[in-house]
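Below is one structure, written out as structure tokens, with a few remarks after it.
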Amino acid sequence: MTCEMPGPALSAGEHSALIPPVTSVRHTPGTTPAPTLAELTTLRVGGAPAQYLEAHSEEEMTAAIAAADAQGQPLLVLGGGSNVLAHEDGFAGLVLRDARTSVVVEDASGCGGVTVRATAGVPWDDFVHRAVVEEWMGLEALSGIPGTVGAAPVQNIGAYGAEVAGTLASVRVYDRERGRTRLLPVGDLKLGYRTSVLKTSRSETRPDGTSWGATGRYVVLEATFQFRNASLSAPVRYAELARALGVNLEDRAPAASVRAAVLELRRGKGMVLDDADHDTWSAGSFFLNPVLSEAAAATLPADAPRFAVRNPALATNILDPGPVVPGLVKTSAAWLIARAGFAPGYGTELTAGRASLSTKHVLAITNRGAASAADIRAVSSAIQQGVREAFGVELEPEPVVLAP
């Protein structure tokens with residue numbers, strides 16, 4: 001049997017130049033016995049939870065979930081806190097965090113493939129950094145995204161033309177309805193643009209008739225990835241990134257260079273966590289890019305961005321973005337917001353300077369130092385109303401909004 005490696009090995013110089021992990025998680029487990037949600041989340045808003053627990057084993061994780069469910073206690077399983085808008089009054093339930101940070105290489109075939117299993121608590125950019133070092137192709141464009149491995153499949157996180165769906169093989173979860181662990185292959189996750197069954201299960205009805213709430217039916221315990229070995233990246237599919245790298249779309253580039261370019265682009269937009277930069281006190285992109293019917297998209301101005309919607313669940317390999325979904329068109333939330341008249345920094349007058357759009361772009365709503373949940377919601381609501389009136393499009397917020 002012969003094997004063709006997809007790219008040359010990293011040189012010693014490339015290894016030494018590789019950018020180390022950036023901050024993925026504001027609050028490292030074990031540093032504070034009873035942190036507030038303001039300390040736990042990247043928006044830095046929120047009071048203390050009724051109960052806080054860091055689990056250091058799978059048994060501790062599943063026992064805590066089962067106990068909370070048996071007692072009818074609200075549950076929030078929190079990763080990096082980068083997709084949550086909490087309330088000043090805290091959370092009337094259990095905030096549970098997975099403190100396990102194990103990464104295990106399960107199989108390295110020597111034929112350009114490797115299977116890697118990571119526990120849910122691994123900081124995401126730590127995992128991406130290791131992937132680039134180890135020449136596990138496919139995560140380099142996802143550098144710098146705040147959060148943990150466990151949260152990645154829930155949202156099917158994506159950026160700069162890549163999604164976690166491209167390398168994800170399966171997740172092991174605790175099924176709260178069945179009260180046991182289960183292995184869900186990627187084909188069962190129904191991955192799409194910022195969605196999965198892990199996410200949509202939040203609104204599913206429980207046996208008692210209520211919804212599961214902020215944490216859905218399935219709690220990710222670990223994720224398994226299938227990579228091809230290569231020092232070259234997956235095909236570059238985002239025009240801004242291609243320009244930064246000086247390559248054409250669909251070209252491949254050294255993964256270390258892609259990582260460096262992505263981190264530079266993200267820093268320029270305030271999308272890499274930095275205590276000193278209030279533009280990073282955010283939940284990242286606050287609104288999803290709207291996915292519209294072809295008829296609805298036809299009502300937008302001619303120069304509105306229009307992108308194909310693809311189904312990553314039907315992709316055949318990491319180089320395949322998945323087939324186009326007929327009848328659907330994705331447009332740009334940032335374009336809609338800007339064309340509706342909102343500029344970077346909007347919201348300071350609305351909230352007495354406590355919250356506003358980022359000063360660098362219009363996709364992130366930021367805490368300028370003393371924002372409340374109401375301030376964040378006020379800016380969000382004003383933008384939604386403006387876009388609705390201008391284009392008839394409903395912007396969907398991406399963060400999970402917690403009730404106290």
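Each residue, glycine too, has its Cβ placed from N, Cα and C.
Taken from TrEMBL as is:
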type     : residues : note
DOMAIN   : 45-230   : domain 'FAD-binding PCMH-type'
ACT_SITE : R194     : active site
ACT_SITE : S285     : active site, proton donor
ACT_SITE : E398     : active site
Within 10 Å of the Cβ of E398 (active site), how many other Cβ atoms can you find? Include all protein chains, please.
18
Name, in the order they occur in the sequence, the residues of the same chain whose CB lies under 8 A from the CB of R194 (active site) and which sit 6 or more residues away.
Q155, N156, I157, G158, L288, E398
If I restrict to non-local contacts, at least six residues apart, and a C-beta distance under 8 angstroms, what lies near the residue listed as 'active site, proton donor' in its own chain?
A333, L363, A364, E398
Taking every residue in the domain 'FAD-binding PCMH-type' (45-230), what is their average pLDDT?
96
